[in-house]
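If you check Swiss-Prot, you get these features:
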- Cys238-Cys240: disulfide bond (DISULFID)
- Cys271-Cys274: disulfide bond (DISULFID)
Amino acid sequence: MTQDYIVKALAFDGDIRAYAAVTTNAVQEAQTRHYTWPTASAALGRTMTATAMMGAMLKGDQKLTVTVDGHGPIGRIVADADAKGDIRGYVTNPQTHFPLNDQGKLDVRRAVGTDGTLTVVKDVGLKDYFSGSSPIVSGELGDDFTYYYATSEQVPSSVGLGVLVNPDNSIKAAGGFIIQVMPNAKEETIDKVEKAIGNMTPVSKLIDQGLSPEELLTEILGKENVKFLETVPVKFECNCSHEKFLNAIKGLGEAEIQAMIDEDHGAEAECHFCRAKYQYSEAELKGLIEELNA
């Protein structure tokens, strides 16, 4: 099994900043946990891939959450990532699938919808948050992340995302790239890169052919123009815990907790991101009430 990872690079003497990722295993983990059907797998996988690369732009303990809500049948897509390559995600309606579109591809646009917003919240530490959003312009997601960067962060970018799904619903290939134009970039560089992106083979096909993140960027930017900086391993990782959900239950207040004791003699919580279930005994709930009244 090939390791998922992101590569960071500069190109054309610093005119271009670039990221590329192979995320096949992480998207497979999400597919397995949520039992997503193919169109939902593609939508979730594309969102997770973009989010992972955006996470790789962060530093230290910073993290970010991306929410895509196009008011389509799939509902909301939520993914979050950190600077260390940990990624997780879920969709409201994982069992969403449609016939292939006119191009013979998974109809992600129909599932996502085109009437809504893409929102990014960055947790940059010390309880400091940056939030930006942009309208969904395509529903195919690559174009929507491209538009987000142009309008919300004022960084001209090209975002390519792809997921191929096998007939048995497993993930055949997943990955993508983010190419960003730095301030004062030369016009001829921008023209070259735009042309290369316009002519390239779909990213999911390149990953399926076995191309690494480095080879993806070489394909777009040309071997002689790219300087690779570092790689970040990517994995599906959820940081939920018994303790975190216990604190969340505590936040519901005494009346709500008492109702759980009276009606169910305990409680169960399920994590949206990884589907882990946590059981809480009547004694634990009574302990929370005691803490609230201490």
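Keep in mind that glycine also has a Cβ here, set from the backbone N, Cα and C atoms.
Note that this is a predicted model, so its numbers are computed, not measured.
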Original post:
Per DSSP, to which secondary structure element type does Cys240 (disulfide bond) belong, with helix, strand and coil as the options?
Top reply: coil
Original post:
How many whole Å apart are the CA atoms of Cys240 (disulfide bond) and Cys274 (disulfide bond)?
Top reply: 8
**OP:** Identify, in sequence order, the residues in the chain of Cys274 (disulfide bond) that are 6 or more apart from it along the sequence and have a CB within less than 8 Å of its CB; answer 'none' if there are none.
**Re:** Arg33, Arg88, Phe236, Cys238, Cys240
Original post:
What same-chain residues, at least 6 away in sequence, bring their CB to under 8 Å of the CB of Cys271 (disulfide bond)?
Top reply: Cys238, Cys240, Phe245, Lys277, Tyr278
**OP:** Take the Cβ of Cys240 (disulfide bond) and count every other Cβ within 10 Å, whichever protein chain it belongs to.
**Re:** 18
